[in-house]
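Asker: Pulled the feature table from Swiss-Prot, pasting it below:
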type     : residues : note
TRANSMEM : 21-41    : transmembrane segment
REGION   : 78-106   : region 'Disordered'
COMPBIAS : 80-105   : compositional bias 'Polar residues'
TRANSMEM : 179-199  : transmembrane segment
TRANSMEM : 236-258  : transmembrane segment
TRANSMEM : 270-290  : transmembrane segment
Amino acid sequence: MFSINPLENLKLYISSRPPLVVFMISVSAMAIAFLTLGYFFKIKEIKSPEMAEDWNTFLLRFNDLDLCVSENETLKHLSNDTTTPESTMTVGQARSSTQPPQSLEESGPINISVAITLTLDPLKPFGGYSRNVTHLYSTILGHQIGLSGREAHEEINITFTLPAAWNADDCALHGHCEQAVFTACMTLTAAPGVFPVTVQPPHCIPDTYSNATLWYKIFTTARDANTKYAQDYNPFWCYKGAIGKVYHALNPKLTVVVPDDDRSLINLHLMHTSYFLFVMVITMFCYAVIKGRPSKLRQSNPEFCPEKVALADA
């Protein structure tokens, strides 16, 4: 009568075919990995690999800049009805333009204003200023914030509009030098190719951002991280001045993610692949339980050799 001993057959199969057992374990691990990865794609938003840079990564580049507000710089008085130069175009005008991309690239720089955190840290000794400062401006090149290619040589004009006038008299006269933190309106003026082409952050309006009655603008010198840690670094780079730092907090809405339809398709493919691998492993497992040790090995085993059995009987 035909009988199956599953446990014994499985032991014989494992002992007789170790490479195949290792293969089954590897396929099982791969199936579990695909299943886990598919579930991850289903529940998690994934940053799109097709978009190299979005506004989050672009604004984070400015975190590496040091801005020196020096006492030697002259203040420039501004009137409250100051408008953007005619040679620049706001981002709204650029987006509403019906010109082709080639014409837009040649139309000149555009302005984009975003709210950002700005800290001003007076150094000791600090010279101070004769007026309350409401605006800081600087000019950098693209390579200073890590841009490459043609954009590395593009000029980027930066203007910070403070919500209130910055008064440094307590530091200059009484030595009470405390760090000032502002949520400033940062206006970037540059060629359109410098900016990412993804969803933009909320805009601020520089002309109505400050509540000061008199506006004074001061030039700041920018220093990137490479210059800061270079061997020829000048320790007196911002002597008697204040160091300005920009901080951008990550905004998840600015990150370009893989669309839901694409994520569902990826999840479906991974599920199908993992199911196929599981079926293959289960099939091999069932074969091992039923078949046991291969017939060739069973015949070559001395216990089943008919010649030896006949000699033993003799």
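Numbering starts at 1 and runs along the chain as it is shown here.
Keep in mind that glycine also has a Cβ here, set from the backbone N, Cα and C atoms.
What you are looking at is a predicted structure, and each value in this text was computed from that prediction instead of being measured.
Situate these features within the shown structure.
Answerer: Sequence-distant contacts of the transmembrane segment (21-41) (same chain, at least 6 residues past either end, Cβ-Cβ under 8 Å): 13-14, 263, 266-271, 273-275, 277-278, 280-281, 284-285.
Same-chain residues lying 6 or more positions outside the transmembrane segment (179-199) and placing a CB less than 8 Å from one of its CB atoms are 51, 53-55, 57-58, 62, 88, 94, 104-105, 107-122, 142, 147, 150-151, 154-164, 166, 205-206, 209, 246, 253-254, 256.
Non-local neighbours of the transmembrane segment (236-258) in the same chain are 45-48, 51, 54-56, 59-60, 62-63, 65-71, 116-123, 125-127, 136, 160, 168, 186, 198-201, 220-221, 223, 266; each lies 6+ residues outside the stretch with a CB under 8 Å from one of its CB atoms.
Remote same-chain residues near the transmembrane segment (270-290) are listed as 4, 6, 9-10, 13-14, 20, 24, 27-28, 30-32, 34-35, 37-38, 41 (criterion: CB distance under 8 Å, separation of at least six residues from the stretch ends).
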